[in-house]
């Protein structure tokens, strides 16, 4: 519907793996010799590869990595080209500072004031560098915007392919293929994949970190896994570091049983050293811009947890405990239900189909499904909720759902006449399972199409400005109560600036960085403490203009 060719590939792959799933009882953790999930304590088993010799039968359910990368690239490139901006924080906290670095002017939030310094310039600079390269070849600023998005989409596709490969090698190719389908067709992954947000960045690093903990070829990769999760926590969002806890606990348990705790502590030390090196680079970059010593990850944690009365995330709005349930149902539909059901299904399988689940498989699966439950619980009890807070856990949602569906397919594939499902014909089973997966794919595509058609106006409404001659001579484009829909200065001609007029909104609006025609003045601008900023969301009347607007942007209801 949105992307016919990869959709066709995955539908054909879905039909094939479901056909084999129903006709062959290929169980998760079935106890077959050489299964790395079944023999999780053995490092030697982790070196097994699912790539079959040329003379042997192709491995069921496995899509080659080049095909997988292609599918992920297409899915993410569609998002880069068409996805709306879901969150005004993406514009004001990341696109605008990047625009300032590239063009010497832009809007500034209080988080970038050296007085608070809870946003790192390292993360923004990496993206602004891409835009700067594009500006050498094109004077159209929207080209910079979309190139940055496409680079993010490509990075995300590479991370997704890496995790898919690790899942196929160390768990089961069928789990890997299910993971691929969920990620490629879920609206949540659609808008998270190319978003310029630290939570999207931590989603990338979470995939790489999880892949490191899964892939034991050549030995455990604990240090590498710690580095990836640390990179996400330091350069992206510090709270995402919590996702590593269940994976590290598994490493401790394995090393304790195997008597190799000393080696594990060495690996942990190596991982910590790498994280400290990353933190050192970030501190150096932020010192350059703020002209002061700042540990941004700590500042983020301190403000959000120890901010005190009248400060902290709750002043920006709160939501009921059901917020994430509703949101994840929209973004993952039936896959979210399966993700939440992973633990109950595992318990039922352990009780009623004990031959399919030994102790090692049970413990390994518990480790893999726990991060999502932990993340959902932590953020559900927080009053302040935002959609992007779930991004780091999206890969774990997909993995949980894939494991759940895999276990269900193992049961559906049973031919035991003593079980009700075993007495159904293969065609009936195939029809039932295909109905579920096609419904999930279709629901995901419809939701994605709805986002594109219903919420993409802010990216399109500025296009006529590029053709107006008066835009090149300067002037202000003003926003009132719809200020949060501003798509960033990348969509304004070079001669125009965004301004705000007074409306019914009574919170703190962004200010402006001091204009910087040179690199030295750029650093002076980022280190200057702006007037009228506060960390209590209190309105500043100095952020408004009155009658200087050349163009006024309003929403007609």
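Cβ from N, Cα, C; glycine included.
Per TrEMBL, the stretch carrying the note transmembrane segment among 305-327, 328-350, 466-488 is 328-350. Residues 182, 186-188, 356-357, 362, 365-366, 369, 372-373, 376, 387, 390, 396-398, 400-401, 403-405, 407-408, 410-411, 436, 439-440, 443-444, 447 of the same chain, all 6+ positions outside the transmembrane segment (328-350), place their C-beta atoms under 8 angstroms from a C-beta of that stretch. Listed stretches 61-85, 226-248, 268-290, 362-381, 393-412 were compared with the transmembrane segment (171-190); the greatest number of C-beta pairs under 8 angstroms is found for 393-412. Most Cβ pairs within less than 8 Å of the transmembrane segment (268-290), among stretches 61-85, 146-164, 226-248, belong to 226-248.
A Cβ distance under 8 Å defines the sequence-distant neighbours of the transmembrane segment (146-164), meaning residues of its chain 6+ beyond its ends; these are 65, 68-69, 72-73, 75-77, 79-81, 98, 127, 130-131, 134, 176, 179-180, 183, 193-196, 200, 203-205, 207-208, 210-211, 214, 395.
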